Amino acid sequence: MGAFDTMMSIRQRKGVRTTEVSEDGTAQQENVTLENKPSSSCTSRRLWKILSFTVGGAIALCTGLLTSVYLATLHENDLWFSNIKEVEREISFRTECGLYYSYYKQMLQAPSLVHGFHDLMYDNKTESMRTINLLQRMNIYQEVFLSVLYRVLPIQKYLEPVYFYIYTLFGLQAVHVAALYVTSWLLSGTWLSGLLAAIWYVANRTDTTRVEFTIPLRENWALPFFAIQVAAITYFLRPSLRPLSERLALLTIFLSTFIFSLLWQFNQFMMLVQALGLFVLDALDMLPAPKATWLYAIQIAALLLVCALQFFNSMILGSLLISFNLSVLIARKLQKNLKTGNFLNRLGKLLLHLFVVLCLTLFLNNMIKRALSLKSDEHIFKFLKAKSGFGATRDFDANLYLCEEAFGLLPWNTFGRLSDTLLLHAYVFVLLVTVTAALAVALRNLSLSSASPAQPPLGQTGKGTVSLGADAAYSLAHTVVFGALALSTMRMKYLWTPHVCVFAASGLCSPEVWGLLLKVTRLYSPARMCVMRYAVPMLTLSYLCCKGSWIAEVLQKHHLIRVSSGTQNWHQHSVAHLHQETR
């Protein structure tokens, strides 16, 4: 019996050990399964991101190219460009457009590049009885670059110089639309908003671009690079960027800012408006201070480099932009504790900071102009003074601007055209929501002390509070300051209306906009927010597609013009159409 009991106890122990081993094996298998699930979900997310990026990038490329082809087709059908003589093609470049094209033609007809550069630097044909340096006085480096490129590339037998010129401009429109697409994509997190922004840009072509009938204008060269700059700034202001990504973004911002400044004579004034928007956000602690400093410095560096390429143009050195940006950086050093204290203390420091920057700007600008004996831009300030109603002026250049319709107020019928495509409705809706969020964030930032340990990091908020990222805040400031500029000066609407498309499209697809709205109405849930951010843009796109008869009507109209009219009356129609479009 003792032996029997011993054998039974041994068997029981073996059974217990076997059971323990099987249980341990089962637990290990469960752990492996649980570990595999997150890895498989991460892999699926990664694959989905790659697929979304590929599809979105392909759509961006296609929309840009289709827009370029569409605008080139409109230009061809309006002027019958391929069926007229060379001199008639050059006549179609009216007023200053023809002047800019003449320098491109002059460089091509020069015996050599050196001779061509010499003729531009010692020009005695543009101004009567004077020899001037055209590279210093005018922004014509694009014509110089294109002429050199046309000489170097083996395309003379296949492409006429005028076609190389206009195709380059229409190609830049593809870059412009792609940059708007990317900006909207970055702001919303979905390429659907980029597609909506691009379609809105084309649908509102009358108010977003005039490249098809004023091809050589400086703005048509510069605005695509301005759009690239805005896209790069939007990416740069995103939180938690890797060092390499941040450096690449800074390089893109610098190059696009430099090229934009080199191509347009109004560069310093446009960037001053941009710097004012950055200053407001920086003062309200809605931008990271180091990133704002980088943006101020890049504007100064780009403008100084342009000044060097334009043979040290004194008007650039005496610009308000350089004085303003330097004043902001100096005032920062003088007021190191600007963002500390309670609400009233911070408000007082903010007003003092504004006063210091204003006084420093005027002082530095006055000193620079006196040192350089600069008076070439006084007519611009006289124009602004007279336009603002602070007294009339007898300055000829200022009165010339005042008489020009393009420098008048933005016509009210512009808003009617924007409403026809639902762009204005979406823009106002997103603007109201975003302005509300920005005011709440600004008041919270002013109320919280920077030394308070409970203060959340920039761009982040606690649970249940309103948030606005630095990229969205910049987009809001950009549309507000350039909207004010467009309302006061009709010609500058082409800086504002493309961003209206971006701002409205990104807002309709933004989880922050719909999340805030649903929280206010106490209807928030992640599922509802997701449905709204995709359903509303899809319905808008469906409406635009149903209203797509506007494309067919335009193409049909131009087709009938080509069929019914011959070479005898093409010029009469095109001139009438161009005058109507210009107005």
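We number each residue from 1, going along the chain as drawn.
Note that Cβ sites are derived from N, Cα and C of the backbone, with glycine treated the same way.
Now, the feature entries from TrEMBL:
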REGION    14-40  region 'Disordered'
COMPBIAS  25-40  compositional bias 'Polar residues'
TRANSMEM  50-72  transmembrane segment
TRANSMEM  185-203  transmembrane segment
TRANSMEM  223-241  transmembrane segment
TRANSMEM  248-266  transmembrane segment
TRANSMEM  272-289  transmembrane segment
TRANSMEM  301-330  transmembrane segment
TRANSMEM  350-368  transmembrane segment
TRANSMEM  422-446  transmembrane segment
TRANSMEM  466-487  transmembrane segment
TRANSMEM  494-514  transmembrane segment
Taking a Cβ cut-off under 8 Å, which residues six or more beyond the ends of the transmembrane segment (223-241) line up next to it in the same chain?
172-173, 175-176, 179-180, 182-183, 186-187, 209, 249-250, 252-253, 256-257, 259-260, 263, 270, 287-288, 291, 294-295, 458-460, 469-471, 474-475, 478, 494-495, 498-499
Is the number of Cβ-Cβ pairs under 8 Å between the transmembrane segment (350-368) and the transmembrane segment (50-72) three or more, considering only pairs separated by 6 or more positions?
no
Segment proximity, the transmembrane segment (466-487) to the transmembrane segment (272-289), 3 or more C-beta pairs under 8 Å:
yes
In terms of Cβ proximity under 8 Å, which residues at least six beyond the ends of the transmembrane segment (248-266) contact it?
138-139, 141-142, 218-219, 221-222, 225-226, 228-229, 232-233, 235-236, 241, 294-295, 298-299, 301-303, 305-306, 309
Counting Cβ pairs under 8 Å to the transmembrane segment (422-446), which of 50-72, 185-203, 301-330, 466-487, 494-514 comes out on top?
494-514
